[in-house]
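A short worksheet on the structure shown next.
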Amino acid sequence: MPSLPSTSSSNSRKKYDVFLSFRGEDTRNNFTDHLYDALSRSGIVTFRDDPKLEAGEEIAPELFTAIQQSWCSVIVFSQTYAFSSWCLEELAEIVKQHNNDGHKVFPIFYDVDPSDLRKQKEKVEEAFARHEERYKEDSEKIQRWRNALIQVAGIKGWHLNNR
């Protein structure tokens, strides 16, 4: 697996080395905090959203900018990641940057099976049933989220089991 840049100077045209995408309620106060601290201690400039931002319905524009200004994204897929329209919007932007500009993507499967994400089974299936109900008028958005999830779940990543 490719390694992350060792310092922010390795890619001076980007503001961040890493954009962290995660579901706050699942991993913010445990795994993601530890990961963020370890990256920071290693001199890796990491963007992590402010917990206050998640209170809103729509994704904050500064998150799209942060993704665009990052060399790579580390996506922490967890049990309820797919229930968050916010996370799925981030994921779709990450995939767009990956496909168009070579943005690197490093998935972490935290207590979740990547095949459930790819096949959209179990909790992922339940999450999309809710999204389809909520966004009936925007099937294009739902399909963009599904495609992004399938694409990233197919990338070799790290598997962590917290049980």
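Positions of Cβ are set from backbone N, Cα and C atoms, glycine also.
Automatic, uncurated: that is what TrEMBL annotation is.
These features come from TrEMBL:
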- 121-148: coiled coil (COILED)
- 14-163: domain 'TIR' (DOMAIN)
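Per DSSP, the secondary structure of the domain 'TIR' (14-163) breaks down as 84 helix, 27 strand, 39 coil. The list of residues near the coiled coil (121-148) in space but at least 6 beyond its ends in sequence, with Cβ under 8 angstroms from a Cβ of it, reads 79-80, 82-83, 85, 88-89, 91-92, 94-95, 112-113, 115.
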